[in-house]
Amino acid sequence: MARRGAQLLPDDAPRALRQPTEEYLTMLRLERGLAQNTIDGYARDLADYLRFLDDEGLSDFAQVDPEVVRRYSEVLAERGAAASSRARALSALRRFHAFYAAEAAGRVDPTVDVQLPKDISRLPKALTVFEVESMIAATAGDDPVSLRSRALLEMLYATGARISEAVGIDIDDLDLDGGAVRLYGKGSKERIVPLGSHAVDALGAWLTRGRTAFSRGSTAAVFINQRGGRLTRQSAWAAVRTAAETAGLTGVTAHSLRHSCATHLLEGGADIRAVQELLGHASVSTTQIYTKVTVQSLREVFASAHPRAR
């Protein structure tokens, strides 16, 4: 009979994620002799972590790097989880990764060098419109790498796509004439989202003048590397980081353009349900985080500009 801990893990999690986690929970029961309630607590925390990894497009623990762990830490804070809850969850994944790395030679524990911040903001940080434009301007150039970076940034900001979704799109997923792109999110759920004119122009320039310099005819991916293979999530994040550094911006994360897209849409009067659909959120409660960001922005404007605020 299956133990409750294993039953708490998501059924649709990739086998490469679920199986090692089940083995870890079994070890806790058989070798450590932990109480079932304690094991169930670990299972709940790890189940949430598996859903996060799946949402990020990761199907194997070998793909988890320190940046992914930091991002999970940020997500917990963005949800408004109490400090004690975050500490417990992060402790659970640290213990799991230590177990997983010790089970086979060559495995690396991605949590070893991660200093989890003690004071994480509970709200996602959105860039200003000027900061986004500065990042995009930092990709100016007609060489293939610049054209690719510009197309990537324009698409991320226009669609609110996750980086894993952006690097996953193929040529057939693009409809530049219709100004739309098909994205595959959590659980390979498909959604079609609009592309603005700036993103359409940037993608068109990359496809006609940049991608052709790298293409070896072996992949249908929109974003490819210099060897003609699909651009990795890590390389795409490096392009975002380079643009931010060139623009003189700090604190930019892999999800900053996604956060900024959602926040700017809501500030512009977009319906929250439409933003939920655009971002591919399963629940509107996740999207509601961004309404708190816009309210916070209004408070800051009021405090600095209203004569009766001080």
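Here, residue 1 is simply the first one shown, and the rest follow in order.
Glycine is treated like the rest: Cβ placed from N, Cα and C.
Per TrEMBL, active site is recorded for R162, K186, H255, R258, H281. The active site, O-(3'-phospho-DNA)-tyrosine intermediate annotation in TrEMBL covers Y290. As annotated by TrEMBL, domain 'Core-binding (CB)' applies to 15-101. Summarising the annotation, TrEMBL assigns domain 'Tyr recombinase' to 122-303.
Within the model, the domain 'Tyr recombinase' (122-303) shows a mean pLDDT value of 85, rounded to a whole number. For R258 (active site) paired with R162 (active site), the C-alpha to C-alpha distance reads 7 Å. H255 (active site) sits 7 Å from R162 (active site), taking the CA atoms of both as reference points.
Classification of R162 (active site) by DSSP places it in coil, neither helical nor stranded. Of all Cβ atoms in the shown protein chains, 22 besides its own fall within 10 Å of the Cβ of R258 (active site). For R162 (active site), the number of other Cβ atoms no farther than 10 Å from its own Cβ, over all displayed protein chains, is 23. Within 10 Å of the C-beta of H255 (active site) we count 22 further C-beta atoms, all protein chains included.
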